[in-house]
Amino acid sequence: MGSKPWLHPAPQYKTLETFWDDEDDAPGPRCAHTLTAVAATKTHGPRLILFGGATAIEGGSSSVPGIRLAGVTNTVHSYDILTRKWTRLKPAGEPPSPRAAHAAAAVGTMVVFQGGIGPAGHSTDDLYVLDMTNDKFKWHRVVVQGDGPGPRYGHVMDLVSQRYLVTVTGNDGKRALSDAWALDTAQKPYVWQRLNPDGDRPSARMYASGSARSDGMFLLCGGRDTLGAPLGDAYGLLMHRNGQWEWTLAPGVAPSPRYQHAAVFVGARLHVSGGVLRGGRVIDAEASVAVLDTAAGVWLDRNGQVTSARGSKGQIDQDPSFELMRRCRHGAASVGIRIYVHGGLRGDVLLDDFLVAENSTFQSDISSPLLASDRTQQSSTPRFSYAARPPSGSEPSFSMSEGLSLDENSLEKLTEASAAEAEVASSVWRAAQLGAGTLDEEPSTSDASSPIVESTTDGTANEGDVRLHPRAVVVAKETVGSLGGMVRQLSLDQFQNESRRMVPMNNSDVPQPTKKFTRQKSPQGLHKKVIAALLRPRNWKPPGNRKFFLDSYEVGELCYAAEQIFMHEQTVLQLKAPIKVFGDLHGQFGDLMRLFDEYGFPSTAGDITYIDYLFLGDYVDRGQHSLETITLLLALKIEYPENVHLIRGNHEAADINALFGFRLECIERMGENDGIWAWTRFNQLFNYLPLAALIENKIICMHGGIGRSISTVEQIEKIERPITMDAGSLVLMDLLWSDPTENDSIEGLRPNARGPGLVTFGPDRVTEFCKRNKLQLIIRAHECVMDGFERFAQGQLITLFSATNYCGTANNAGAILVVGRGLVIVPKLIHPLPPPILSPENSPEHSGDDAWMQELNIQRPPTPTRGRPQPDFDRSSLAYI
């Protein structure tokens, strides 16, 4: 322990007092039930759902106690995390039969149940869903085609990659099983697929534990083999990008073999509790609590790292919680950094207590010395990588893109857009060039031919080299505020899917706004009103009637106050580390709140006193809360002018945001007259936004890229603001619209699929630009990337995208980059929220958000994933420049 202070021991459990109105609301003594965490909704905080189990046992001191099937139940109880109150639920619809030793998993605001055993024998393998949408509790029986896992009990199931229901092992009444099945919840009709995983397969077993880590690894732990012996091994099941699943044996030594135990993940730490040994003897006290730290690849107990299995005469100091946790067949779930345990069996005594442990040192999993580059190899062994490093010769597995991939239907929708996007991008470009009389302009020869200067130390406070942290920080795919502590670390080796990009789109020209406005003195505290109303990372909720809370006069005054600040800022900002960098938000205000909630927010109650914020543009369009997004960012700029920084994106232009949702949103939410007034005023403000930022003179941040025309930072600095796209500036067009080529093997300049006149630039251009300007890194936004961030040019350029599930179809993650004082850059990610599947009430036709996005996608669809073959009709436009 002394040499590895970042390895924190297993937590201590204690009894938690709970409340209920009637005795019927309390779950009472029971075992072999399930306890499942359900994320918070708009109207309710996080909950635990307790279902089924046995309320009576048979046998005595002379025999191994077993559940009495006549005492098995199908009652449902809900525990409110915030009020600590139990309530019995009586959902509508046909409930599943009474059962115990079944399996359960949360899917959004629903809980799925499968299998088990009851008074009538084995339960069927039907899937039952408890739907809690809008707090209207209802049972659904899910129709699944074809053969399934079959009736079984003592098995495990969880939702993997927020998409696949995976169930493994168990007992079919004749023997213990070793098979594995998966059901893709994103594809209808629903079909169980029997998996044929590669790798070291676990032996047949029952009464194991299984839990899915937030990045997509399903961990199987312990169990009882065919001879009745307890097992102490652990296996990870993961899916490669080609669809092939693989079992991998986990390293480390468990404190004890066990079965009929429970295990749940909190971040990267699997918390294991209770269990029994051969013959049904409850596990020894000192081994009753354990943690498998998957970030370090070691097992821990209350005293630290475990190097060998504990004997029954362990020398560990006794702790009251040891005896408390001696139990089996209990239920367990985690919410945030807390682990909850209910009931179970100890000897011949049914338990009804409710326990909690807090993984208070959990955040050290993210900031611990383990993350340092000289220790990255300690996290895995050659046979098993907790960072999901793939076997040699295969593609990396269960990366952020797993469960974030595009289905065929989504790809078809994206493909429809290439011609439309090319048309609008081309029209903007050609209109600007014709107006300036500079069509087919080439870069200045003086700039292009200036000598390349080798990078040298510039004497700034941060003299260390810029480097990307070896691990990214990823938060679970859950609703804001519900599982807010569910964070894990992901090795960057895993992000080899970084050439997959989606291209945002455009379509047709629109006149530049001409309406001018008179200015009045800005009301005192207007920006504070905005911050108070919107900066609510934990509990912000979309307005029910969609009416925006500011009127046009207030919008004008807010824009004026922010404009005065932007007018006095440089075109290229000079910034210092530490700083957080955000990519495209596109009106997805909920994602901004999630990022603030999980990784800190700009307030004196947050982290603004010691870290700055930089936003790279594209604040509006596409999402349905562009007004909230831009007004909050402007208010934060007014409140913290030296700490919050905004630069311009290509959607901060009237020609573009008239087409992709912002103008429509302003009219819809503010009325036609006030809406057009506000939309025009915002676009006047956008013309004053800075265009790039330098961090410590070593990192340049921009929205698009360097294109064909930008060779020096001075070219950007010379752009005079305010400026509109019809000014015909080739530098501005490249800065806001250009993209890197598809991958590092494609050098030089090539036409951009966005439209004629736009280009992509190769890694050679990036290297040349960095050398010439003594820079080490370019951070840019502009393109949707599946993992939220993507490296290019051997890591000299990073693309950053912060909005998740772009256009409602991309299913991408969102990310920010945290640039530390030592210029070490840590990517921090969020997944898209789980889709509301399996529920008629939550189908797309019932979702306002989906309807907004779908209608816009039909009119202005995004283009296909980067790297897909270009359609035959468009290949002629891809001549080399």
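Just so it is clear, glycine is given a Cβ too, placed from its N, Cα and C backbone atoms.
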**Request:** Select, from SER334, SER418, SER491, SER876, the one residue given the annotation phosphoserine by Swiss-Prot.
**Result:** SER491
**Prompt:** Need a hand: Swiss-Prot gives ASN650, HIS703, HIS782 for Mn(2+) 2, which of ASP612, ASP618, ASP674, ASP734 is also on that list?
**Reply:** ASP618
**Request:** Given the recorded positions SER491, ASP618, HIS703, HIS782, state which is nearest to HIS651 (active site, proton donor) when distance is taken between Cα atoms.
**Result:** ASP618
**Fill in**
In DSSP terms, the repeat 'Kelch 1' (60-109) comprises 3 helix, 20 strand, 27 coil
**Prompt:** Among all the protein chains here, how many other CB atoms are within 10 A of the CB of ASP618 (Mn(2+) 2 binding site)?
**Reply:** 29
**Segment confidence, the repeat 'Kelch 1' (60-109), expressed as mean pLDDT** = 88
**Request:** For each of the recorded positions (HIS651, HIS703), count the other CB atoms lying within 10 A of its CB, then report the residue with the highest count.
**Result:** HIS651
**Request:** Give the distance between the Cα atoms of HIS782 (Mn(2+) 2 binding site) and SER491 (phosphoserine), rounded to the nearest whole Å.
**Result:** 25
**CB contacts for HIS782 (Mn(2+) 2 binding site) [other CB atoms within 10 A, all chains]** = 28
